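In what follows, a structure is listed as C-alpha cells, so that the remarks can point back to it.
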Amino acid sequence: LTCVTGKSIGGISTEECAAGQKRCNKKWTKMGPKLYDVSRGCAATCPTADEYGCVKCCNTDK
C-alpha cells in the first residue's frame, strides 16, 4: 500500500506502508482561526480524532 504523506505546489510525496499497516490516514488539527495542522501517513487502524481535529481514512493507494 502506498499512502500520500504530503502535497505541495511541486507535487505529492508518498510512503510505502510497512507490513500490517493497511490504512492511509489524513488528520486535521485546528490550530487557530482558519489554520490547521495536517498530517498524513500509514496506520494499522484508523486513528481517532481529538476534540479539535478530524480524521479521514482509506484503504486504497494514494
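Cβ coordinates are placed from backbone N, Cα and C, and glycine is handled just like the others.
In Swiss-Prot, the cysteine linked to C17 by a disulfide bond, out of C24, C42, is C42. Note: Swiss-Prot links C46 through a disulfide bond to C57 (candidates: C54, C57). For C3, the partner cysteine in a disulfide bond according to Swiss-Prot, taken from C24, C54, is C24. In terms of Cα distance, the disulfide-bonded residues that sit within 10 Å of C17 (disulfide bond) are C3, C24, chosen from C3, C24, C46, C57. A straight line from the CA of C3 (disulfide bond) to the CA of C57 (disulfide bond) spans 10 Å.
Between the disulfide-bonded residues C42, C57, C42 has the most other Cβ atoms inside 10 Å of its own Cβ, all protein chains included.
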